[in-house]
Amino acid sequence: MIIIDDLLTESEVAQFRQQLAKVPFIDGKNTAMGMAAGVKNNGQADAQDARVQQLANALLSKLGNNPKVISGALPQRIFPPCFNRYSESQTYGYHVDAAIMRIPNTPDVLRSDMSMTVFLTPKEDYEGGELVIQTEFGEQKIKCDAGSAILYPSSSLHKVTPVTKGERMAAITWIQSMVSDQHMRETLFQLDQSIQSLINTGNAEREQLDGLHHVYHNLIRQFAQV
Ligand code: NI
């Protein structure tokens with residue numbers, strides 16, 4: 001799991017929320033497949049609405065330009081983000097995201113390797129509404145600041161606990177990675193992050209960094225499917 005702090009600035013979050021207040025929301029069950037529909041109880045901004053599509057595109061370009069998203073997910077395709085809203089008592093029980101998704105208005109499909117939630121409501125403005133992800137180390141409960149996001153493996157069981165006070169707005173999306181193997185993807189992320197932090201110390205010799213970059217890119221060359 002990778003936390004992306006400050007994917008959006010405070011004013012960008014405010015703009016998203018202002019725009020989302022003006023668009024129609026539909027029952028989230030409409031977009032859930034199979035068993036997930038039975039446990040899904042939330043609202044979702046109508047993806048047919050041109051303003052919602054604009055917001056999705058704006059968020060998509062933020063994601064595509066974020067170095068940590070690129071390093072952590074190595075995206076090949078990103079699903080147009082969906083905006084959802086949990087009002088008081090709404091919840092989404094344990095489910096697994098669909099493995100293959102059709103990208104709306106295109107002939108393309110996407111294999112979901114990583115799922116992402118971008119938090120849009122300040123966490124002090126609502127109670128409950130935690131994203132809970134089952135991992136090999138037990139349940140992880142996540143509630144990020146507005147503007148921050150979490151990336152996690154789409155293969156994991158996850159849920160959103162009931163909102164008990166206030167309202168929770170978030171954007172969600174799915175990423176097909178150029179590296180489908182989760183462990184290799186994690187290793188590549190660790191390597192890249194280590195190189196970045198070495199660069200930030202200012203102590204590494206140019207030649208040493210070149211050597212590490214060389215290894216990183218050769219691993220990408222070996223494991224990326226494009
Ligand atoms: Ni899900």
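All positions are counted from 1 along the displayed chain.
Any Cβ shown, glycine's included, is placed from N, Cα and C.
Going by TrEMBL, these are the annotated features:
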- His95, Asp97, His158: Fe cation binding site (BINDING)
- Arg168: 2-oxoglutarate binding site (BINDING)
- 77-177: domain 'Fe2OG dioxygenase' (DOMAIN)
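The structure, with features from TrEMBL marked on it.
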residue	record	DSSP (3 states)
His95	Fe cation binding site	strand
His158	Fe cation binding site	strand
Arg168	2-oxoglutarate binding site	strand
Fewest other C-beta atoms within 10 angstroms of its own C-beta: which of the binding-site residues His95, His158, Arg168 fits that? His95
For the domain 'Fe2OG dioxygenase' (77-177), DSSP counts of helix, strand and coil? 3 helix, 59 strand, 39 coil
Of the binding-site residues listed as His95, Asp97, His158, the one whose CA lies nearest the CA of Arg168 (2-oxoglutarate binding site): His158
Cβ-centroid neighbours of Fe cation site His95, Asp97, His158, 8 Å, sequence order: Ala36, Tyr92, Tyr94, Val96, Ser115, Ser154, Ser156, Leu157, Lys159
Measuring CB to CB from Asp97 (Fe cation binding site), give everything in the same chain under 8 Å that is also at least six residues away in sequence. Ala36, Ser112, Ser115, Ser154, Trp174
For the domain 'Fe2OG dioxygenase' (77-177), what's the model's average pLDDT? 96
